[in-house]
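**Student:** The structure under discussion is supplied below as structure tokens; questions concerning it will follow.
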Amino acid sequence: MIKLDMTILDSLKENKALRKLLFSGHFGLEKENIRVTSDGKLALTPHPAIFGPKEDNPYIKTDFSESQIEMITPVTDSIDDVYNWLENLHNIVSLRSKNELLWPSSNPPILPAEKDIPIAEYKTPDSPDRKYREHLAQGYGKKIQLLSGIHYNFSFPEALIDGLYDEISLPNESKRDFKNRLYLKVAKYFMKNRWLLIYLTGASPVYLADFTKTKQEEKLRDGSSALHDGISLRNSNAGYKNKESLYVDYNSFDAYISSISNYIEAGKIESMREFYNPIRLKNAHTDQTVESLAKHGVEYLEIRSIDLNPLEPNGISKEALHFIHLFLIKGLLSEDRELCENNQQLADENENNIALNGLSKPAIKNCDNEEMALADAGLLELDKMNDFIQSLRPEDTYFQAIIEKQKERLLHPEKTIAAQVKEQSATAGFIEFHLNQAKTYMEETEALAYKLIGAEDMELSTQIIWKDAIARGIKVDVLDRAENFLRFQKGDHVEYVKQASKTSKDNYVSVLMMENKVVTKLVLAENNIRVPFGDSFSDQALALEAFSLFKDKQIVVKPKSTNYGWGISIFKNKFTTEDYQEALNIAFSYDSSVIIEEFIPGDEFRFLVINDKVEAVLKRVPANVTGDGIHTVRELVEEKNMDPLRGTDHLKPLEKIRTGPEETLMLSMQKLSWDSIPKANETIYLRENSNVSTGGDSIDYTAEMDDYFKEIAIRATQVLDAKICGVDIIVPRETIDRDKHAIIELNFNPAMHMHCFPYQGEQKKIGDKILDFLFE
């Protein structure tokens with residue numbers, strides 16, 4: 001077995017900066033899932049149109065089949081970030097694949113006849129990507145192409161390579177040659193020891209009987225087949241391999257390039273893309289030819305042998321990602337040993353033996369053809385990992401715990417992923433087990449559909465439009481996280497967006513007018529659009545003196561320039577001087593000027609207008625609780641606020657009901673307190689204004705709303721030259737009174753999340769509508 005390279009280890013021990021860099025890197029993932037129907041059959045629908053042409057979307061493509069979706073993360077600087085990206089892509093694809101599920105196994109679901117398996121479609125029939133897939137279908141068959149998995153792309157930090165180059169490079173060795181040699185060394189280690197990775201991550205021991213046959217299989221009660229003691233059909237000789245073994249020369253980078261070129265010239269493979277090695281040396285240039293690799297050198301490694309783990313929602317655990325990273329670090333820190341053709345054959349035998357018989361703990365052969373017990377061989381490698389962790393990062397208990405878990409799996413095969421998958425498939429059936437997993441994961445995705453993992457600290461509307469941009473393959477940069485300021489880029493087209501709806505389409509003066517409610521009302525009224533009459537005050541004493549003008553009227557007291565319904569008090573019934581003064585105190589706490597205006601009876605609706613079209617209408621019900629005759633108002637609020645969809649600061653679709661001065665005032669107007677116990681089924685309103693932002697409930701009314709009011713909303717936005725605008729209209733309950741409506745506010749930064757995830761009714765794709773407006 002391969003020893004640790006003490007030259008590198010000693011250099012790292014003496015250099016704290018290099019030690020830190022060793023455990024970092026650049027990470028990217030590619031994941032394939034087959035789209036299936038609710039009964040586990042290959043979905044024959046086209047690739048979802050929302051993702052756009054496959055050539056143009058860097059994140060969401062297809063692999064071989066039109067039904068085989070591929071998710072590609074960008075390169076990140078941490079495993080946490082790449083895992084979040086994978087989870088977000090998985091969620092986006094799941095939610096956009098209507099009435100379909102993502103099949104969680106590497107082994108295919110129920111397939112149609114070979115001729116009916118659709119090859120991925122591209123912009124033109126003669127696309128190189130289409131031609132390549134037709135070549136594969138002819139050479140290997142379509143069914144075998146549907147084996148799916150995860151590709152793990154990794155590179156060491158350039159600063160680490162630079163530091164090691166200064167410390168341990170050979171005389172007269174260029175930086176490029178050193179880097180190529182380093183990655184080649186890691187690849188050799190991987191090829192020799194990949195059996196261990198397959199044992200620990202393999203997850204495809206069960207498959208449908210009509211997919212393939214193996215000598216080691218047993219029949220399960222549902223008629224599916226399982227490898228008797230196997231780990232991974234996909235990584236076995238029955239999986240997806242080149243037609244014949246291709247042994248490349250690992251003695252030098254130039255020899256590696258030459259041997260692949262020779263296979264291409266001999267017609268063994270069409271191009272480097274068809275070199276189905278478990279690990280490939282790659283660079284970031286998109287043509288991915290052997291000539292490009294020779295010219296630019298190695299920039300990263302691509303590991304291709306990772307099965308989809310059906311026990312994980314995203315197909316792989318964060319723990320597995322960390323272990324693979326440690327595995328590659330082990331390759332860097334190991335002695336550079338020859339990987340001749342004979343050694344490659346032994347490595348292939350070990351891989352196939354583990355893939356087909358791993359649960360029976362077969363012996364592992366070393367390069368001298370000597371056998372070692374599986375557990376002993378595996379523990380030897382894991383102990384060396386522990387050694388360099390203890391030596392270079394002794395404080396890291398997380399990595400040590402990961403190694404200990406892998407040891408448990410080595411000593412107890414029943415704890416492997418493969419054993420668990422086989423057991424559960426045997427109990428429920430191959431199709432039923434994987435369908436249940438897929439449905440469970442879909443339910444979990446739907447429950448958090450509003451969320452962008454890793455951006456939970458940002459406004460919900462920002463998360464939504466960011467997710468919708470990813471779906472379209474639009475590049476997103478965060479310019480100012482606290483301000484929710486993003487940059488979207490599609491090709492050469494760049495858009496800057498703040499808080500999801502402040503865009504380049506905004507007119508600055510329009511924003512200023514909408515920000516000032518007095519100006520808004522004045523301009524609308526001058527254009528014969530009905531608004532409530534009233535007055536504004538900058539002096540609280542003068543506002544208080546005006547009590548006699550308003551005391552017998554239904555009125556609204558609100559700040560002049562606030563948003564989200566904050567600081568608003570509504571009096572529909574008789575009110576006292578004290579009530580009036582408290583309302584002024586609240587309003588002046590939000591602004592230096594307040595408006596006192598008539599209360600318009602009716603229901604409040606939010607009309608979302610984008611580019612002169614009403615895209616959504618929402619009825620907003622004021623914050624309320626329903627009594628049960630047992631609990632107090634305060635207790636009922638606490639219970640309603642436990643809804644997982646309720647949060648604060650617009651981070652969830654609904655806002656928690658507050659227990660502040662506005663709510664206390666509203667209760668007092670009903671002769672109630674927080675300790676009052678409402679009757680069963682009695683609705684108690686805690687707010688007069690119906691903003692969702694203050695704990696109200698949202699109900700979609702887009703289809704039901706009269707076009708008469710939609711036209712009024714559009715006209716109001718046209719008057720102020722507003723392109724993305726929330727128009728709040730009080731609509732009378734009786735049709736005969738519709739002329740008694742009034743616009744009470746125009747919002748230049750309307751929240752979209754309440755339309756996307758209403759309390760009741762149809763969810764609207766507002767992020768898509770804004771992106772359409774910006775980019776099309």
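Each position is counted from 1, following the chain as shown.
Every residue gets a Cβ built from N, Cα and C, even glycine.
Residues annotated as ATP binding site in Swiss-Prot: 548-606. Per Swiss-Prot, Mn(2+) 1 binding site is recorded for Asp728, Glu745. Summarising the annotation, Swiss-Prot assigns Mg(2+) 1 binding site to Asp728, Glu745 and lists sequence analysis as the type of evidence. As annotated by Swiss-Prot, Mn(2+) 2 binding site applies to Glu745, Asn747, with the evidence given as sequence analysis. If you look up Swiss-Prot, you'll see Glu745, Asn747 marked as Mg(2+) 2 binding site, on the strength of sequence analysis. Feature annotation from Swiss-Prot assigns domain 'ATP-grasp' to 521-775. Taken from Swiss-Prot, the feature region 'Glutamate--cysteine ligase' applies to 1-354.
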**Student:** Rank the binding-site residues Ser548, Asn747 by how many other Cβ atoms lie within 10 Å of each Cβ and give me the one with the fewest.
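**Tutor:** Counting other Cβ atoms within 10 Å of each of the binding-site residues Ser548, Asn747, the minimum falls on Ser548.
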**Student:** Including all protein chains shown, what's the count of other C-beta atoms within 10 A of the C-beta of Lys572 (ATP binding site)?
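**Tutor:** I get 12 for this one.
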**Student:** Could you measure between Glu604 (ATP binding site) and Asn747 (Mn(2+) 2 binding site) for me? Cα positions, answer in whole angstrom.
**Tutor:** 14
**Student:** Taking every protein chain in this structure into account, which of the binding-site residues Val556, Ile596 has the most other Cβ atoms within 10 Å of its Cβ?
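**Tutor:** Of the binding-site residues Val556, Ile596, the most buried by Cβ count within 10 Å is Ile596.
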**Student:** At a 10 Å cut-off from the C-beta of Glu745 (Mn(2+) 1 binding site), count the other C-beta atoms across all protein chains.
**Tutor:** 21
**Student:** When you rank Asp728, Glu745, Asn747 by Cα distance to Ser548 (ATP binding site), which of the binding-site residues ends up on top as the closest?
**Tutor:** Glu745
**Student:** I need the nearest neighbour of Asp728 (Mn(2+) 1 binding site) among the binding-site residues Lys572, Tyr580, Phe588, using C-alpha distances.
**Tutor:** Lys572
**Student:** Taking the domain 'ATP-grasp' (521-775) alone, what is its mean pLDDT?
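**Tutor:** Mean pLDDT for the domain 'ATP-grasp' (521-775): 92.
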**Student:** Between Glu745 (Mn(2+) 1 binding site) and Val556 (ATP binding site), how many Å separate their Cα atoms?
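**Tutor:** About 12 Å separates the two Cα atoms.
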**Student:** Report, in whole Å, the straight Cα-to-Cα distance of Lys572 (ATP binding site) from Asn747 (Mn(2+) 2 binding site).
**Tutor:** 24
